[in-house]
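Feature list (source: Swiss-Prot):
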{"type": "BINDING", "residues": "M158, R159, K160, R161, G225, E226, R227, L228, R229, G230, R231, L232", "note": "heparin binding site"}
{"type": "REGION", "residues": "76-251", "note": "region '8 X 22 AA approximate tandem repeats'"}
{"type": "REGION", "residues": "154-164", "note": "region 'LDL and other lipoprotein receptors binding'"}
{"type": "REGION", "residues": "274-286", "note": "region 'Specificity for association with VLDL'"}
{"type": "REPEAT", "residues": "76-97", "note": "repeat '1'"}
{"type": "REPEAT", "residues": "98-119", "note": "repeat '2'"}
{"type": "REPEAT", "residues": "120-141", "note": "repeat '3'"}
{"type": "REPEAT", "residues": "142-163", "note": "repeat '4'"}
{"type": "REPEAT", "residues": "164-185", "note": "repeat '5'"}
{"type": "REPEAT", "residues": "186-207", "note": "repeat '6'"}
{"type": "REPEAT", "residues": "208-229", "note": "repeat '7'"}
{"type": "REPEAT", "residues": "230-251", "note": "repeat '8'"}
{"type": "SIGNAL", "residues": "1-18", "note": "signal peptide"}
Amino acid sequence: MKVLWAVLAFAFLTGCRADVEPQLEPEVREPPKWQAGQPWELALGRFWDYLRWVQTLSDQVQEELLSSQVTQELTVLMEETMKEVKAYKAELEEQLGPMKEETQARLSKELQAAQARLGADMEDVRTRLAQYRSEVHTMLGQSTEELRARLSSHLRKMRKRLLRDAEDLQKRLAVYRAGVQEGAERGVSAIRERLGPLMEQGRLRANTVSALAVQPLQERAQAWGERLRGRLQEVGSQARDRLDEVREQVEEVRAKVEEQATQMRLQAEAFQARLQSWFEPLVKDVQRQWAELVEKVQAAVGTSAAPVSSENH
């Protein structure tokens with residue numbers, strides 16, 4: 001009996017523990033990589049890859065999210081995508097033959113709806129990132145882990161929605177193109193002649209779009225180079241100004257030294273003249289007295305020499 005009660009108690013406790021354990025969040029599978037072929041698909045692929053990079057929420061991403069850099073980049077990519085979609089639709093309507101107006105109106109309406117959904121979802125991504133930036137600025141240095149978690153979850157869901165929108169738009173474009181081709185009563189040779197330029201235009205547009213993708217990086221590098229060149233010119237100008245200032249100071253010092261040297265030379269000449277005026281009379285007086293003394297000695301010697309000579313004779 002005790003064993004039975006023990007088994008029942010264990011089962012009861014196990015069931016309670018199972019009830020209070022939190023339900024794990026289901027693992028979200030990464031959507032497959034977007035397959036691109038047409039120019040609008042390539043443009044959407046760049047938007048997709050950029051959004052994948054933003055979703056990593058790396059240090060660089062978080063730093064650029066605090067500014068308007070990310071939203072500006074997304075705006076450019078979004079505008080390029082919608083522009084390419086409109087251009088591709090216009091090319092289909094221009095290059096391929098007519099169809100029934102009723103069918104064309106229906107397909108065009110469905111295509112516009114799919115295009116609008118894609119644009120709205122891309123706009124939602126940009127709005128959500130702008131909202132995240134505003135919320136981070138409001139936190140004033142507090143922890144933003146919860147905000148980043150919500151943003152990551154939202155971006156993951158938005159990427160799924162964008163993938164569904166893109167696939168739906170891709171299918172409707174294919175249907176639209178097929179409907180146009182079915183309505184056009186042309187031979188295989190005529191289709192080949194018409195589609196050849198269209199495919200060439202698509203290839204050229206794809207190359208142009210790929211070049212435009214590199215253009216922002218080139219513009220950034222050129223802007224950085226211009227800023228560096230401007231800074232170097234500014235430093236060089238400051239150095240030249242400082243050198244000119246030092247040169248002027250040296251010239252001023254040299255002029256002052258020359259002026260002082262001239263004054264000292266003039267003072268020395270004046271002092272020399274003054275000394276000469278002082279000692280010249282004294283020198284002349286000494287010379288005169290010396291000459292008189294010599295004359296007296298010579299006279300005395302001559303007088304004493306004369307009697308001695310006479311005595312010898």
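Placed from the backbone N, Cα and C atoms, the Cβ positions cover glycine too.
Residues near M158 (heparin binding site) in space but far in sequence (CB under 8 A, at least 6 apart, same chain), listed by position: L51, D121, D124, V125, R128. Cβ neighbour counts within 10 Å, taken over all protein chains shown, single out K160 as the most crowded of the binding-site residues K160, R227.
Annotation for G225 (heparin binding site): no spatial neighbours, criterion Cβ-Cβ under 8 Å with sequence separation of six or more. DSSP states for the repeat '3' (120-141), grouped as helix (H, G, I), strand (E, B) and coil, give 20 helix, 0 strand, 2 coil. Around R229 (heparin binding site), a 10 Å sphere centred on its CB holds 10 further CB atoms from the protein chains shown.
Here the repeat '6' (186-207) has a mean pLDDT of 65 out of 100.
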